[in-house]
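Asker: Here it is, the structure in full.
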Amino acid sequence: MSVKEEKVIRPIVHFPPSVWADQFLIFDDKQAEQANVEQVVNELREDVRKDLVSSLDVQTEHTNLLKLIDAIQRLGIAYHFEEEIEQALQHIYDTYGDDWKGRSPSLWFRILRQQGFYVSCDIFKNYKKEDGSFKESLTNDVEGLLELYEATYLRVQGEGVLDDALVFTRTCLEKIAKDLVHTNPTLSTYIQEALKQPLHKRLTRLEALRYIPMYEQQASHNESLLKLAKLGFNLLQSLHRKELSEVSRWWKGLDVPNNLPYARDRMVECYFWALGVYFEPKYSQARIFLAKVISLATVLDDTYDAYGTYEELKIFTEAIQRWSITCIDMLPEYLKLLYQGVLDIYIEMEEIMGKEGKAHHLSYAKESMKEFIRSYMMEAKWANEGYVPTAEEHMSVAFVSSGYSMLATTCFVGMGDIVTDEAFKWALTKPPIIKASCAIARLMDDIHSQKEEKERIHVASSVESYMKQYDVTEEHVLKVFNKKIEDAWKDITRESLVRKDIPMPLMMRVINLAQVMDVLYKHKDGFTNVGEELKDHIKSLLVHPIPI
């Protein structure tokens, strides 16, 4: 039944409807078949584990060990071997420090930095001539160029040799890709995909889909590894479909398209978002909760941006700050439904976490949601007053209204014993890695959505604030913002390397949040206006299994 309300003039926007309808509502659970597959997966996992452990014992095999770890990670099955990989890379780090003696220094550098080991980039100074230019011989090794290119994305501020290496490798690879279009189209396409999105910004499950057929074509591929990747992908896809069915039933119960028709109906895309943050089976409950939070955060965004009146939003903001069902009577009808929906998902998760003795973790998530709503209210106030904030004012609020500080805290809920009260408190202080992730989210969103938002009453975007304050063109601002985004990625890398008091799995959630933005907002707002690329991603991850 639809919720009725009085007629009020509103700054309504008509968003495209969902492209999925009820496609994911029903899940066909084939438990018997899955049990057989799980048994095979367990056997294959033991085979690969033996390969990992045996490679540790022979120093001359350390380059091959890195290549094995790289393949495991790119095939999307590293979650099976977290302890073994950590042990192997710690051994390599302890053995060599910054003085790597093996082949493939770019691979060594990237793999260790990805895992949180701060190895020096000085090794790449050997790639340059005395005049500072890169050696011509590097251009003859396409695989080496690609490895160096991928390694540059693990750089931090002040690593000029890697800044130079990125420019050099990109220039070389663009030419090579163009030259190979007709003679080797497969390699040309692979290079173009790498140039479009480097490994460090690519979601693990999407990379697995891309890499599995390539790995299969390698003459030296490990058959156990390949089979584990394929079977494991499909097994996880089944779990993810089951989760999405649960989230779909919850969304169907809210009936957002009818009860809150002004809002974007993007539940499936929100689940994809959560899947980008963590795909591993042990985070199933956390993923379901996060998908629901992102879905409602999208509705909240549209309520503040595109529908609610200023007075309604003030009342709703107060209700969220009080966080009590007794506040529901003070709200207009349509906001009662939304308010109840928000409270319900936190109550549900509180009950689940209570069984683990961690119900209090929800208090941190609630606090971050309250702050998130306060930032929306500040932007609504600016829009209501026609006030254009300074760039600094705007970003201080917009970092929070991006939703990423809230999501960074929320995504820790349900991750198990690795998450402590100290970790939540750390997240709420907005440490540099979370600030950098917020910057990426806000700047990428504003770059691609500001033109549409100018068509209605809306707070000035960060682009507009910057243009007005510094009297510069939009083109200039976009260059500045893209540079800020790249700097934010460097800050993320630095923090993942220097913060040893926060477990790497928690750091990875923040990194993954930034990766999702790069997928959804790389060239346009692919979340609001769902294009073929995102539809293909969702179908490949959640509809079509990999042929065995």
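Every residue gets a Cβ built from N, Cα and C, even glycine.
These came from Swiss-Prot, pasted as-is:
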type: BINDING; residues: Asp301, Asp305; note: Mg(2+) 1 binding site
type: BINDING; residues: Asp301, Asp305; note: Mg(2+) 2 binding site
type: MOTIF; residues: 301-305; note: motif 'DDXXD motif'
type: BINDING; residues: Asp445, Ser449, Glu453; note: Mg(2+) 3 binding site
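Neighbours and distances for these, please.
Answerer: Listed in sequence order, Tyr376, Gly403 are the same-chain residues at least 6 apart in sequence whose CB falls under 8 Å from the CB of Asp301 (Mg(2+) 1 binding site).
According to DSSP, Asp305 (Mg(2+) 1 binding site) is assigned to a helical segment. Within 10 Å of the C-beta atom of Asp305 (Mg(2+) 1 binding site) sit 23 other C-beta atoms, taking all shown protein chains into account.
With a threshold of 8 Å between CB atoms, the same-chain residues lying at least 6 positions outside the motif 'DDXXD motif' (301-305) that come near it are 13, 15, 260, 262-264, 313, 316, 335, 338, 376-377, 379-380, 403, 453, 458.
In the three-state DSSP classification, Ser449 (Mg(2+) 3 binding site) falls within a helix. Within the same chain, the residues at least 6 positions away from Ser449 (Mg(2+) 3 binding site) whose Cβ sits under 8 Å from its Cβ are Ser461, Asp525, Thr528, listed in sequence order.
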Asker: Given the model, what does the mean pLDDT over the motif 'DDXXD motif' (301-305) come out as?
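Answerer: Mean pLDDT across the motif 'DDXXD motif' (301-305) comes out at 94.
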Asker: Taking only same-chain residues 6+ apart in sequence, whose CB is under 8 Å from that of Asp445 (Mg(2+) 3 binding site), what do you get?
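Answerer: Non-local contacts for Asp445 (Mg(2+) 3 binding site): Ser402, Met517, Tyr521, Asp525.
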